[in-house]
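Trainee: Below you'll find the structure I mean.
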């Protein structure tokens, strides 16, 4: 029993006896995000055909469209006035028409000896978002890599009580160009030598920053297509280097399954039973655990990509060995258990939060239970907690400039 008291669910699992969302402070669940304060369209937002037409409208030959795209996606440049290979007369016109400023850097913090960098951005309209760049040096088992955790919404409408972003509510969706621009900015940061040891460009992208990516499906999907398109029309990344996270918008998972883009799907599960998950993840009241895991299994079957099951361990809430056994059974009963990999996340603290990380012995027991069931499991190497840049901590302190709290 926890210090706050507990009860037992109909399935025999321990449940907190007090509400997990503090009374009077519940944040409403918002699945359909209002598109307020939308940014102007950017070159990145245009289709290949629209880019060709855009340069023609300025009296410039069609081949210039690919030239412009090469600057953007291969050299990560976004100021046409500096591009001497474009006709001088057209540079400012193109800049004014298709290159509005989308991200303005407000602040930048680093930790882990400079290998973790969190950037606070101001968007069009004043909303604030954050992205985190993490460099991992080579080890005996893996090559060096730079991973970018990017945002897809300003705020989040999923209202998860343990997540700083979710407790701030939702302001608006981000555009495709705003999403991709975070990657270009990270590449410029690496190229400038501002991340010790890193070279080249971002190797992996995780849609695990601010927002629920599946609630901004159209912009996120177009961003993924742009990031994975061959140069000069896109950034030229492998879809397998991208991870798309969701708390469980089942219809969008089913839609993604049919897209034919083999990104890694990460399911933020955090509880294997509906009784607890209804409290931790409010969207579970709409799409239950079985529906979610069925959709995830079908995604793995269709794409041949292993699904990542994200599970933040919270002291006396969801960290019991009995729950690990339930999670293992949920995975095993859907066939070959190697379709999923459990990624355990030590809960990261947020200012004023009553949520805390599991005791080491409880975390170890959880891992051992999964291993006894032969479930692939790892404990995440948490980065950036000193600068509030770790999982669940991104809140863009101050929320916005000119939009209120």
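Placement of Cβ uses the backbone N, Cα and C atoms for every residue, glycine included.
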Trainee: Can you find which of 175, 181, 238, 245 Swiss-Prot lists as binding S-adenosyl-L-methionine at the same site as 211, 212, 268, 269, 270, 348?
Mentor: 245
Trainee: Kindly point out the range from 1-34, 35-68 that Swiss-Prot annotates with region 'Disordered'.
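Mentor: Checking Swiss-Prot against the ranges 1-34, 35-68, the region 'Disordered' one is 1-34.
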Trainee: Distance check, please: Cα of residue 160 ([4Fe-4S] cluster binding site) against Cα of residue 130 (active site, proton acceptor), rounded to an integer number of angstrom.
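Mentor: So the Cα of residue 130 (active site, proton acceptor) lies 18 Å away from that of residue 160 ([4Fe-4S] cluster binding site).
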